[in-house]
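See below for the structure under consideration.
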């Protein structure tokens with residue numbers, strides 16, 4: 001679990017009054033203490049509180065602590081002494097006793113006071129409970145057992161007829177409170193900038209990027225409440241602690257985003273530019289005193305997937321490497337983060353700490369000090385120390401950040417950081433960018449010299465609702481800034497620039513109008529990309545195996561040719577899909593496992609059976625073929641251009657990151673193997689040609705690629721997509737509105753007729769199913785009778 005893993009390898013055993021054991025545990029921490037040598041504000045506050053508590057600071061029984069809290073109130077309900085003991089007791093009591101058990105002890109004291117006819121003590125007990133409800137009312141909303149015990153107390157007081165006491169311990173106002181911890185600072189549009197706010201990564205200044213990352217970090221940090229820190233200590237993990245889980249996901253997401261943005265550039269020079277930009281972002285984060293995001297950025301740049309890029313590092317100036325070394329030294333874990341602790345202690349006003357380091361301190365303190373001292377006394381010193389450290393973190397949330405955030409850029413970054421990669425996947429991309437030298441020993445993913453994934457054992461949970469919300473907000477911001485004529489479309493160039501700000505490397509877009517992208521299309525793009533990378537989309541993953549193809553084969557994912565002599569690509573053992581190495585993790589189609597004994601229809605019977613069904617399915621997804629004529633299926637069926645033909649643009653950003661706009665025509669049929677031999681250049685086959693044209697070739701020099709014929713023993717795998725690439729003037733590709741208006745759509749009567757036909761077919765199938773079930777039952781009955789008859793014959797013989 002990263003930094004915290006060692007502290008959580010074994011479950012904590014509660015110690016009850018063993019002085020020798022407690023001394024051994026305390027002496028186990030020599031000079032390398034988790035706390036800085038110089039006194040901090042928390043230590044000074046702790047010393048003052050110890051003095052104010054007097055004899056209780058050395059340890060006291062639980063009953064004495066409860067009695068001291070009750071006696072803190074006078075007859076009118078006012079505090080007659082410091083509230084420090086009340087604060088410590090009501091916030092940290094869960095370390096030694098649950099909230100319901102503490103309230104049960106208070107109820108017992110109330111019953112004893114009633115029995116002794118002591119109304120003054122009963123009133124003070126109710127004042128204590130009222131203080132608990134008023135100051136820490138969140139406990140009563142989150143703890144079901146505490147709520148049930150409180151209801152028992154209210155029923156007891158009501159049964160005794162004490163109306164004043166009932167009003168004091170009333171909890172009905174809790175439900176009226178807005179207990180969600182939302183960021184009070186409103187996001188304002190950055191109107192101080194003269195230029196238009198850019199949503200493009202390449203146009204963002206390091207200062208802008210660092211400010212908005214700080215805003216997101218502070219927004220997440222501010223939502224971690226006092227009880228969240230306490231729950232982390234008591235439960236020993238961040239499960240069932242959503243605010244802390246989100247903080248972990250943000251920190252790890254920023255680190256992955258930094259790595260992927262560097263690796264998304266195709267050349268070493270461009271990768272070096274992104275690397276330099278993130279170093280400048282780190283410098284700005286240091287100036288803003290945002291150490292948590294600084295740790296994430298530097299950790300991402302120091303990760304082995306980036307540090308191994310020798311060609312990229314050769315383009316990084318010496319001054320930048322020097323700054324990286326200084327930042328790494330600042331955040332180094334040597335001497336228990338002594339450099340960071342010194343720098344953090346010197347900071348004033350707004351600052352965001354490295355949360356993992358301070359949580360490690362809390363765990364060290366929680367594990368090192370016993371809960372109880374000798375004679376069963378509660379270790380008040382431990383409660384005070386934990387209370388002061390948590391309070392110091394909570395007080396940082398009250399200082400507003402010295403920056404102004406732009407709502408649109410916040411939405412863009414929020415979606416960009418929704419990443420769900422593993423280290424192996426990132427390292428694979430790094431190896432694809434710069435293959436390792438065969439003479440050098442193979443590298444494996446290693447941890448950076450600074451701690452980033454301080455709780456790497458906790459992986460963010462991809463939530464479809466959250467992703468959908470982030471996508472919708474980002475799309476609204478994109479059209480607000482780039483849809484100038486407000487017609488609901490943005491240009492292809494603008495979309496490609498925006499998409500370059502994300503580490504998504506491949507996705508398919510259906511376009512209503514060539515050259516323009518609508519709101520629905522860009523929403524579908526990011527939703528599909530997010531679902532792919534958050535592992536939400538594929539319910540049945542493929543079982544890809546590296547394969548050597550003996551005949552020409554195309555990738556079923558990107559329609560590209562599988563080049564090479566041996567091991568050209570990957571083939572799914574279950575469904576037979578073929579793809580490139582870089583495409584196998586980007587497949588959006590689920591694995592459709594083949595039947596063991598498929599029924600092979602004859603070549604002549606092409607109008608019925610699975611072949612015709614697959615062809616009719618494939619016809620709905622057909623794309624424009626050459627304009628000279630209809631595209632012909634390999635089995636001889638031709639499909640004319642019509643309303644069922646759709647344009648599709650595929651963004652290809654593979655290892656070379658070269659974007660190619662493809663117009664695809666998907667041929668769907670059964671075939672025996674993915675590697676059928678086919679004529680490449682020459683005469684037309686019976687099925688018709690597949691044209692690949694280029695501006696450098698004349699009409700006579702056009703390359704014709706013929707589809708392969710149908711095999712007599714087809715497999716249920718769909719034929720690979722074939723790409724029709726055309727280099728043309730973009731203006732000639734834009735369809736006019738008149739053409740779109742003339743597209744024929746089915747009438748209501750035609751749809752109604754088709755529905756009735758399908759219903760009739762469905763009814764007929766139901767009748768056949770019932771007949772088959774009855775036939776099965778009769779055969780089973782005959783079988784059982786036959787078995788009984790054989791048994792009777794055996795007995796007679």
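Numbering starts at 1 and runs along the chain as it is shown here.
Cβ atoms are placed via backbone N, Cα and C, with glycine included.
As annotated in Swiss-Prot, phosphothreonine applies, among 147, 172, 184, to 184. According to Swiss-Prot, the feature region 'Suppress the PT region-mediated translocation to plasma membrane' maps to residues 686-694, out of the candidate ranges 650-658, 659-667, 686-694. Within the set 439-489, 490-540, 541-591, the record from Swiss-Prot flags 541-591 under the feature zinc finger.
When averaged over the region 'PT region' (718-797), pLDDT in the model lands at 71. Across the range of the region 'Ras exchanger motif region' (57-110), the DSSP-based residue counts are 35 helix, 3 strand, 16 coil.
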